[in-house]
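Notes for the one structure printed next.
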Amino acid sequence: MVFYHRQGELPKKRHTVFMKDGKLMREEVFGLNGFNGRYSLLYHLNPPTRIMKLGEWKSNTIGEWKDAEYRHHKLSTSKLRKSSDVFLDRIALIFNDNLIISFSKVDEGDTKLFYRNADFDEIYYVHSGEILFKSVFGEIEVKEGDYLVIPRGTTYTLSFKKNAELFIIEGKQIEVPKDYRNEYGQLVEGSFYYNRDLKLPVLRTYDENGNYKLVIKTVNGFQLVELDTHPFDVVGWDGYLYPFALSVYDLEPITGKLHQPPTAYTTFAADDFVVCTFVPRLFDYHPQSVPISYYHNNIDAEEIIFYSSGQFMSRRGINKGDITLHRGGHIHGPQPSAVEASLNKRGTYNDEVAIMVETQKRVKVSIYAKEIDDPTYPLSWYTS
């Protein structure tokens with residue numbers, strides 16, 4: 001994250017002896033980009049390197065839909081099966097070397113495994129459900145409309161209080177956009193959200209012994225390891241790198257007399273993509289405004305939108321839970337009669353919630369996307 005935070009008990013100085021109840025605590029530097037990036041210091045009851053058993057390695061190559069035409073896509077996640085596990089069995093739909101977009105439907109209950117994504121930061125957008133996120137940093141309660149942002153390398157698990165549907169983004173260097181931060185890391189006036197909107201982890205320490213199964217994910221697969229001490233044995237931590245949650249309903253959308261580009265709603269930025277959030281807001285209010293998106297030839301980008309709730313005015317035939325992929329080089333925009341209908345909406349409010357991922361690198365669609373794809377969608381501007 002962008003500001004300093006601390007939880008639990010800490011020594012007065014870093015890298016010094018820290019005793020608790022007569023026992024030496026084990027300090028871990030949890031950091032990005034070697035020793036030059038953001039980091040936190042965690043203090044464990046036990047060495048975090050302690051592995052009791054090395055388990056199974058399972059490869060995990062995303063199957064590509066190799067004969068897919070280069071066209072727009074509409075995917076209906078309502079047709080997807082349930083995931084047996086949110087980490088091992090999430091369903092990858094759209095991907096490239098630096099981005100994976102997945103969806104997961106998970107039943108109520110506790111996950112039996114602990115997770116650690118070694119290669120990618122993760123964003124879980126909670127389309128529906130209630131979840132208790134548990135990690136080495138502590139716990140965060142998340143619910144419908146929340147983003148849960150997890151730095152790569154974080155050890156965590158999830159407890160589902162209700163059946164849940166999750167739109168999942170994996171990528172490198174997912175951060176709060178630099179334009180929102182001043183030189184001290186504080187979110188500036190006019191940014192899409194403020195520091196106090198973020199839900200931060202509350203530390204809970206587990207001093208327990210047993211058999212704990214941890215799955216480490218890389219781009220190539222999953223490695224299972226077994227531990228004899230609980231991985232959440234942290235008694236205190238501080239720093240600038242930790243998970244957090246943010247509700248889309250706490251966002252502060254920028255509106256204008258004339259239509260604002262999607263980048264006005266940038267929520268997170270990564271190496272090769274941005275995440276934008278369309279939330280309920282005032283439509284454009286110039287007396288001659290066209291309060292709907294213009295036609296767009298996004299030559300250098302691929303645009304993925306997840307439609308969560310409300311009415312997305314520029315689209316027809318879109319249901320909650322649908323995903324569209326608008327290809328770079330193909331023009332996209334409002335469907336027939338949508339522009340005319342929007343003219344009566346000047347100065348009124350919309351109720352849409354949608355998540356947009358725009359990437360600068362071409363994406364592939366998976367074999368799972370093929371199963372839920374609407375092949376008529378590219379023609380919908382002609383046939384609507």
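In case you wondered, yes, glycine gets a Cβ from its N, Cα and C as well.
As the structure is a computational prediction, the values presented were derived from the model and not from experiment.
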Exercise. Name the residue, out of His230, His259, His332, that Swiss-Prot lists for the same Fe cation site as His296, Glu302, please.
Key: His332
Exercise. Report the member of His296, His332 (the binding-site residues) whose C-beta atom has the most other C-beta atoms within 10 angstroms.
Key: His332
Self-check item: Sorted by sequence, non-His296, Glu302, His332 residues with Cβ within 8 Å of centre, Fe cation
Solution: Asn297, Asn298, Ala301, Glu303, His326, Arg327, Gly328, His330, Ile331
Exercise. Sort out the sequence-distant neighbours of Glu302 (Fe cation binding site) for me: same chain, 6+ apart, CB within less than 8 Å of its CB, listed by position.
Key: Leu325, His326, Arg327, Gly328, Glu358, Thr359, Lys361, Arg362, Val363
